[in-house]
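Notes follow the structure.
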Amino acid sequence: MKQANEQVCNNHVSSAGEAAWNADSHSQAHAGRKQGKAVVVFSGGQDSTTCLFWALQRFEEVETITFDYGQRHKSELEHAKAIAGKLGVPHRILDMSLLNQLAPNALTRDDIAIEQEEGELPSTFVEGRNLLFFSFAAVYAKQIGARHIVTGVCETDFSGYPDCRDVFVKSLNVTLNLAMDYGFVLHTPLMWLDKADTWRLADELGAFDFVRTETVTCYNGLPGDGCGECPSCKLRKAGLERYLMERKQEEGASR
């Protein structure tokens, strides 16, 4: 059933979403020329900050939007605001506390442990989060005349989250365009990158040190390298170590 649904969705995307994907391809083909206005779905973490630097190189105007959904790592809100300020990017925080009432989970409740049972979604999965975030980002984007929405979701390191899959993003892109009669393009620069690749991209964007020291990826809200113990910190650290090893090997080979 799951494969059948994804096939139907992919078929629908190939027709109804053709214009959006062609626009995205056109944008990539003309990477040297900046496009219009973009909104970055922004948490102040490694992935979304890398995407912010990516967007700043590609779009004439960039704004960021952050969601306060009662997350236990509240410090990400302040770091997101600070990062946007340092980069001179307009920043807005939207109250999404209702999400915590509807879908309590380990990211919003201290009394729920961060864990994952085999074959089950992690306790950090927030039901409907990206569906709501991207939808509200689209509403905001249309109000300010932006057609591009950038998000750091990734299918390679997505921990089983269904709302980080490429097929979900593509299907939602089509749905948003139909629902709002607008030509949105949802960009996912990290979709097929693992954490080592994401560090590489940050380095290529000239943002490696900034991303490493200024962002908050830790589920416990600690900046930089974080607590080193939560799943998010472990994933970030493993990717960093692998990228640094690869970079060292590449530098040695080029001498």
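Glycine residues also receive a Cβ, built from the backbone N, Cα and C atoms like all the rest.
According to TrEMBL, the protein has these features:
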type    : residues                                                                    : note
BINDING : Phe42, Ser43, Gly44, Gly45, Gln46, Asp47, Ser48, Thr49, Thr50, Cys51, Leu52 : ATP binding site
BINDING : Cys218, Cys227, Cys230, Cys233                                              : Zn(2+) binding site
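Listed binding-site residues: Leu52, Cys218, Cys227, Cys230, Cys233; maximum Cβ neighbour count within 10 Å falls on Leu52. DSSP assigns Thr50 (ATP binding site) to a helical segment in the three-state reduction.
Cys218 (Zn(2+) binding site) sits 15 Å from Phe42 (ATP binding site), taking the Cα positions as reference. Long-range Cβ neighbours of Ser48 (ATP binding site) (same chain, at least 6 residues apart, Cβ-Cβ under 8 Å): Val40, Val41, Phe42, Ala80, Thr151, Gly152. In the three-state DSSP assignment, the secondary structure recorded for Phe42 (ATP binding site) is coil. A distance of 17 Å separates the Cα atom of Cys230 (Zn(2+) binding site) from that of Gly44 (ATP binding site). In sequence order, Val40, Gly152, Thr215 are the residues of the same chain, not among Phe42, Ser43, Gly44, Gly45, Gln46, Asp47, Ser48, Thr49, Thr50, Cys51, Leu52, whose CB sits within 8 A of the CB centroid for the ATP site. Cys233 (Zn(2+) binding site) and Gln46 (ATP binding site) are 11 Å apart (CA-CA, integer value).
Secondary structure from DSSP puts Cys218 (Zn(2+) binding site) in coil.
Cys227 (Zn(2+) binding site) falls within neither a helix nor a strand when secondary structure is assigned with DSSP, and so counts as coil. For Phe42 (ATP binding site), the Cβ neighbour count at a 10 Å cut-off comes to 31, with all displayed protein chains included. Summary of the Zn(2+) site environment: with the site residues Cys218, Cys227, Cys230, Cys233 set aside, the chain residues having Cβ atoms within 8 Å of the Cβ mean position are Thr217, Tyr219, Asn220, Leu222, Gly226, Gly228, Glu229, Ser232, Lys234. The Cβ of Gly44 (ATP binding site) has Thr66, Glu76, Leu77, His79, Ala80, Lys81, Ala82, Ile83, Thr215, Val216 as same-chain neighbours under 8 Å, each 6 or more residues away in sequence.
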